[in-house]
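Heads up, the thing below is written out as structure tokens.
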Amino acid sequence: MDNEKLKAIDAAMSQIEKQFGKGAIMKLGEQDILNIDAISTGCLSLDIALGIGGVPRGRVVEIYGPESSGKTTVALHILAEAQKKGGAAAFIDAEHALDPQYARALGVDIDNLVVSQPDTGEQALEIAEALVRSGAIDVIVVDSVAALVPKAEIEGEMGDSHVGLQARLMSQALRKLTGSINKSKCIAIFINQLREKVGIMFGNPETTPGGRALKFYASVRMDIRKIDTIKQGEEMIGNRVRVKVVKNKVAPPFKQAEFDIMYNEGISREGNIVDVGVKENIIQKSGAWFSYGDIRLGQGRENAKLFFKENIDIRSEVENKIREKYDLPIQKVKNEKPKIEKGTENNTK
């Protein structure tokens, strides 16, 4: 490109920046755009599947799946990781179902978590917009899109038809929110449920409520499913879960991650490190025995998990070796998250 054209472009860009502010226009190769900052999900295999070490800042993320598959659990882990980095987090509880005890057990600082339980879908999305525009929130979770009921539906009679109201509401909200989310580097996580299309004979009958807008605006979409129940003798102690990254605008999509969600504990970090460590040949498995170099971790996966729980330094060493292999940020040794108080109901959200 000749110098005259370059000068004209620079002059135009300078004029646009004066009129609309710094960051209104830029060249794509500028360094601060190329590096996409991410917040960890608290699950090593999911961070690897997402390709950038977590969920991207300044983007919309959708987590959807059947009931009790672990959607809220994954979202709460992301909130906890954001708070550990010194960030502020907000939770729009449209379902009115947030369990503070469970959130605390997952590592969420509930004393500093901003929570809203809105009456209508419009109110929920206006609160979300105000929080995003403040520029102070790092992660905001909306739980769930299906529970964002338009005001007209709440004030109307039971049985009244309100076709397309929720879809229009979501479309309008996302048009307004996307720019603010990007500028403030906030992560907006929308949790969504599943519905079935009526009369579908071929293809996948499953769909998510709230219209198509969220599918378009989301940079990352995660489909989370329970694939097995974890038992200790006859007692059920958790779920084995598979997450498929069905859309990813910041890394290659369609990668999968499997991990354990233990009741009252959340994602099993130790179990995840054992699984990924064996896959990457950092942990050796011989018969039922697991070992790391000359260190015997235990006989059976549960004993290996127990060893890592009791030896945090070795667990962190193994985790960081895996992270180095995938060019993910190195984790510092942290204290264990608090245990949930006795008497709290067993539940995987």
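Positions of Cβ are set from backbone N, Cα and C atoms, glycine also.
The ATP binding site annotation in Swiss-Prot covers Gly65, Pro66, Glu67, Ser68, Ser69, Gly70, Lys71, Thr72. Under DSSP, Pro66 (ATP binding site) is assigned to coil, being neither helix nor strand in the three-state scheme. Within the same chain, the residues at least 6 positions away from Pro66 (ATP binding site) whose Cβ sits under 8 Å from its Cβ are Leu194, Arg225, Lys226, listed in sequence order.
DSSP assigns Thr72 (ATP binding site) to a helix. Counted within 10 Å of its Cβ, the other Cβ atoms near Ser68 (ATP binding site) come to 14, all protein chains included. Around Gly65 (ATP binding site), the C-beta neighbours below 8 angstroms that are at least 6 residues distant in the chain are Lys71, Leu194, Asp223, Ile224, Arg225. Sequence-distant neighbours of Glu67 (ATP binding site) (same chain, 6+ apart, CB under 8 A from its CB) are Gln193.
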